[in-house]
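**Q** Sharing a structure below in structure tokens format, with a few things to ask.
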Amino acid sequence: MSAPSSASSATAENAATERDFLAPDAGQKPPGPTPSQSRFQVDLVAEAAGAADDKSPSSDASATAPEGPDSDPGVSSEEAKGRFRVVNFADPSGAGSAASPEAAPAEGLQNGDTVMSETSLHSSTGGQHHYHYDTHTNTYYLRTFGHNTIDAVPNIDFYRQTAAPLGEKLIRPTLSELHDELDKEPFEDGFANGDELTPAEEAAAKEAADSKGVVKFGWIKGVLVRCMLNIWGVMLFIRMSWIVGQAGIALSCLIVAMATVVTTITGLSTSAIATNGFVRGGGAYYLISRSLGPEFGGSIGLIFAFANAVAVAMYVVGFAETVVELLNGVDAIMTDETNDIRIIGTITVILLLGISVAGMEWEAKAQIFLLIVLITAIINYFIGTFISVKSKESAGFLGYDGSIMWENMGPDFRGETFFSVFAIFFPAATGILAGANISGDLADPQLAIPRGTLLAILITGIVYLGVAVSTGSCIVRDASGNMNDTVSSQFAMNCTDAACKFGYDFSTCKSEKDGCRYGLHNDFQVMSLVSGFGPIITAGIFSATLSSALASLVSAPKVFQALCKDNIYPGLQMFAKGYGKNNEPLRGYILTFGIALAFILIAELNTIAPIISNFFLASYALINFSVFHASLANSPGWRPSFKYYNMWVSLAGAILCCVVMFVINWAAALLTNVIVLGLYIYVSYKKPDVNWGSSTQALTYHQALTHTLQLSGVEDHIKNFRPQCLVMTGYPNSRPALLDLVHSFTKNVGLMICGHIRTGYRRPNFKDLATDQARYQRWLLKNDTKGFYTPVFAEDLRQGSQYLLQAAGLGRLKPNTLVLGFKNDWRDGDMMNVETYISMIHDAFDFQFGAVILRLKEGLDVSHIQGQDELLSFQEKTSGMKDVIVSIDTSKDSDADSSKPSSKATNDDDDGKAPTQPLLKKDKKSPTVPLNVSDQRLLEASQQFQKKQGKGTVDVWWLFDDGGLTLLIPYLLTNKKRWKDCKIRVFIGGKINRIDHDRRAMATLLILFNKMIEPYRLKEDDMEQEAAERLKNSEPWRITDNELELYRAKTNRQIRLNELLKEHSSTANLIVMSLPLARKGAVSSALYMAWLEALSKDLPPILLVRGNHQSVLTFYS
């Protein structure tokens, strides 16, 4: 979470004041957040200042308390009363050692308000611990508003992600600790609010703890100097004059302005992201990945680090070429020009590597020296423009003159265009992220990055404009260098060039085949000519190239190290390791050195240079897009303290960067986009286990909310009907067959909510419910199941189902179909469970839901089988959770922790048969669990819908028109990959008198049915009427003789249908059949259950479906 802007922008100057008011002295804290020390802000309260006015006996004791390091004896008693003051618990004299958390844990003090003083507090869990607290000298709690409390006052250290270099993470008391009853163990929950430290955070905490003596840079040395050196490249000295010659002063200034606009917008965007929270190392990668997520960050991070590594080679080759030119001038070439560039480049990059590996402090000193040389060279040039020397006039330097300026104002393109000249200049404007790239080495990145980057863009932009105007105002475009090319008297009238005014006529060399050798168009070294002392310009060129190479050599490993630490690309983990107090990425330096050396040996970078520029531009585009995206998502977490940005300007900046990419080199731009897209797809596919609260998440939420609201304003239409299922699964892994089948026809089509009713709790633990909700939702995602897990606490199953039927879902995304597993063991347990089960179906119809019941002859519930599913993989397990799998046996669980009574197969007992080979294993530490035959069959049956179904049939027995749901579900099912080879066969009702004809054949089956329902009959004829009514009221599921007679035909129908199903559909992969209806209040639950039993027994998987009798199909287009 990013700190609020007012806190995040706190400067170093006022940090001491803030610490004095809100937090203990950071210097006295042990490094890293240990649970005992960062549980609360545990401090001694120094009240010496106010003791004079407080005459209570306890305040006398406090007057003798040792003074904390932050206490100020000079504070008046009025001031002491008017505000609270927190001081350190570390007692310098040792007298207050009893206050340490290890000495006396705060047992039982959980009321969150006033703690009773001078009494012995007992825990109601047993009262074995007796601790005495003196609330004025050695208290555990903050002295706030005149009484002691564990309710913490606001403190910036509560809002840190980890024990970051800027301060130690503290943990405020949890809501449970302030609110729960006193008989709970106060520290049983461990860390508060899910703030357990992840391994990465623990590493960061350890790194922070070991960070004493680390070299940190301010905004000038860390950002301004680096950015200026990187932006002032070779272009300033050897290309700027040529650009003016081609484009003229006006268009040259436009080119500089256009490049500066792009970099300024990017600088503003960088500043906005950098001031939105604490910035760690990684520069552009860190900014983009924390804003847009690991997909964009990972792809840009890799190419940005690579671009910096190749940029080292580009700058070093630029340096080597200049050296070789000098050697050539004095005829000192070693072998040939190409090999000399390789030799000098290799030696140079080794020296630069040595400076980098020596540490950031040495590198910073080298950068300061190079900057001084560079600034001297620039000043030397500007001084030279005002010193006119006769010997330089023939080379085109004639001094400042209005006519020269006017002549050079317009363009004179020779083989170039405006955009090709812009493409050559633009790389000179890059380098604005040089400071941000070492964000981990900055003392205050939030202050340094905006100030240093924007000031560097301003200064370098002004210098580029100054050089463009000055060169165009005092140097002509063409000159021969020949002192004798003067204007003769007879041709004076025909000479119109600006040089004619000074007595020179360079028209002869223009007309020659080789052309002129001097002037803006022809001499790249014209700035050396103009300058007061030429060798200083050469030194400036060396400085510009070497400083840019050094900055890139440092940036690439730092960015790469941050990328590897986040483990976005698993194979690169070895480069995350840092060495020394500054955590230097030595392995990254070696890798960067290797890449740079490889490209130096090529010694031909004309094809590589535009790709590098495009890589940088892709980074700039994404930084700008990050700001636009974060602003568009409107997340409360986006609140930069830097306010001078605009989301639309940032979007324009992103588009401009993309346009410039294609202007510079369209082929390289296409290649860059392909590489970024490829890396993006790879990272998206790998799904790194990170959560940085990116704006992508925020925008997803924003869009989901907007679309859900829009959907709520639209009337439902038959064509858009989707089965949205509330599936009573219990724990999602306890009934896999039910989950898999429903998921098959709801995946990417409709909503699926896994309902779980938890009953039987005397005191429901709502915190556990929330924890389970998160865990099982992760389980669903891990298993690629598109659904939601929704648990509720309720008095009984029926009440819980009513809660879910009424409240599950949101707007139009609400379930319209209740899905249950068939209650296989309905005859074994309490018949009131059957009453509840049937009532749930009646409730569904009352709420205008459809109802679906799945029956497998083996059963559905596999939760009693130990190790039946790896519920939480070890990576997924949250710290503190001991169980690897959840084993639920509802027949023995007094809490009835399931959505309904267990639907195990009736043959669940171990019948003495030899155990088969185990199918699954328990936790790795536990021995293998052998399974009996029935459990093995149950486990196999539970996985049957996870496999491809092959060429079979889905038999639809559409007996009653329920609106079409009975037909829609099989259609949706066979659209899926697993079921697409299955054919749908539809059966409908036959002749009316057919059942009468087969009555004799059914006689045996009727006898079996009567035997089944015999225990549940009321037999009211054998008892008095009052007794019969009393029994019916107490046991409403009982079947009356009248009811049995009234529904005899319906009973016969269920039995006959079972026969027909066995006859025609015994080999079907799935049977989908109309669910028989029972009138509420007229048909007892036992009779209805018996109908369902008789209809569906001894069959392949059968789905009994009844829609809500509203059309879900239409033949209109």
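Using N, Cα and C of the backbone, Cβ positions are placed for all residues, glycine too.
All TrEMBL annotations are machine predictions without curation.
Here's the feature list from TrEMBL:
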type	residues	note
REGION	1-78	region 'Disordered'
COMPBIAS	1-15	compositional bias 'Low complexity'
REGION	91-130	region 'Disordered'
COMPBIAS	92-108	compositional bias 'Low complexity'
DOMAIN	134-187	domain 'Amino acid permease N-terminal'
TRANSMEM	219-238	transmembrane segment
DOMAIN	222-726	domain 'Amino acid permease/ SLC12A'
TRANSMEM	250-279	transmembrane segment
TRANSMEM	299-320	transmembrane segment
TRANSMEM	341-360	transmembrane segment
TRANSMEM	366-389	transmembrane segment
TRANSMEM	418-440	transmembrane segment
TRANSMEM	452-476	transmembrane segment
TRANSMEM	586-605	transmembrane segment
TRANSMEM	611-632	transmembrane segment
TRANSMEM	644-662	transmembrane segment
REGION	891-929	region 'Disordered'
**Q** Checking distant contacts: for the transmembrane segment (219-238), what same-chain residues at least six beyond its ends satisfy Cβ-Cβ under 8 A?
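**A** The answer is 263, 315, 318, 322, 364, 367-368, 370-371, 374, 377-378, 424-425, 427-432, 434-436, 438, 441-444, 447-449, 451-453, 455-457, 459-460, 463-464, 467, 524-525, 527-528, 537, 540-541, 543-545, 547-548, 551-552.
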**Q** Sequence-remote contacts (6 or more beyond its ends) of the transmembrane segment (418-440), Cβ cut-off under 8 Å?
**A** 217, 222-224, 226-227, 229-233, 235-236, 239-240, 243, 246-247, 251, 255-256, 258-260, 262-263, 266-267, 270, 274, 279-284, 286-287, 308, 360, 411, 448-449, 452-453, 456-457, 460, 464, 548, 551, 554-555, 558-559, 562, 583, 609-610, 612-613, 616-617, 619-620, 660, 663-665
**Q** List, by number or range, the same-chain residues at least 6 past the transmembrane segment (366-389) whose CB is under 8 A from its CB atoms?
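**A** Those are 221, 225-226, 228-229, 232, 236-237, 355, 397-400, 463, 466-467, 470, 474, 527, 530-533, 536-537, 539-544, 546-547, 550-551, in sequence order.
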**Q** Checking distant contacts: for the transmembrane segment (250-279), what same-chain residues at least six beyond its ends satisfy Cβ-Cβ under 8 A?
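**A** For the transmembrane segment (250-279), the list is 1-3, 5, 8-9, 160-161, 164, 166, 231, 243-244, 286-287, 290-291, 409-411, 418, 421-422, 425-426, 428-430, 432-433, 436, 439, 442, 445-446, 449-450, 453-454, 457, 461, 464-465, 468-469, 472, 620, 623-624, 626-627, 630, 637-642, 644-645, 649-650, 652-653, 656-657, 660.
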**Q** Who are the chain neighbours of the transmembrane segment (644-662) in space, where the CB to CB distance is under 8 Å and they lie at least 6 residues beyond its ends?
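**A** Contacts of the transmembrane segment (644-662) (Cβ under 8 Å, skipping residues fewer than 6 from its ends): 261-262, 265-266, 268-269, 271-272, 426, 614, 617-618, 620-622, 624-625, 627-628, 631-632, 668-669, 672.
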**Q** Report, as numbers and ranges, which residues of the same chain sit near the transmembrane segment (586-605): CB under 8 Å and 6 or more residues beyond its ends.
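**A** Distant Cβ neighbours of the transmembrane segment (586-605) are 306, 308-310, 312-314, 316-317, 320, 338, 341-342, 345-346, 349-350, 353, 356-357, 553, 556-558, 560-561, 564, 574-575, 577-579.
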